[in-house]
Amino acid sequence: MSRKAVLDQLQELNSSNPVYFGAKPSKSNIKIWNGFIIGPDDTPYCGGCFKIRIEFLDEYPLVPPEFYFETPIYHPNICSNGAVCSPYLRELYTANVSISFIFSTILSTLINPNPKDPMTDRTEMAREFIERRSEFDRKAREMTIQHAYE
């Protein structure tokens, strides 16, 4: 892992002055960051503060960092263990993709879930999103209120 690459990401994130997300390295390990995402307006996640863990693997920046929701969330593109499903954390990743950009794509996924590409353990949830959207929104809102409000 390139320590410089991780520190460059921290500097870029801080200089971008994000409103809906942020992160910083843990005190004991620069490879683990603790962050947050604020649920976007006009979504069932609105106003929730979701804790995020970012892990930089030894091969970083040649491989993407891993993003995990520490706060439970009802979403078809976020695994039950919190792992985030994003093309920019898989096939579209390059070493030039910034942490700020990945955070922005996660926010976009909260606004516009992709039920056609759900996590393996979220296929029923994806079906619910397509066939019974109001029920999906109700469950997502309840979980947000229960877990993401402090």
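Positions of Cβ are set from backbone N, Cα and C atoms, glycine also.
Taken straight from TrEMBL:
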type: DOMAIN; residues: 1-149; note: domain 'UBC core'
Next item on the list: Let me know the model's mean pLDDT on the domain 'UBC core' (1-149).
Entry: 93
Next item on the list: Would you mind splitting the domain 'UBC core' (1-149) into helix, strand and coil residue counts from DSSP?
Entry: 56 helix, 26 strand, 67 coil
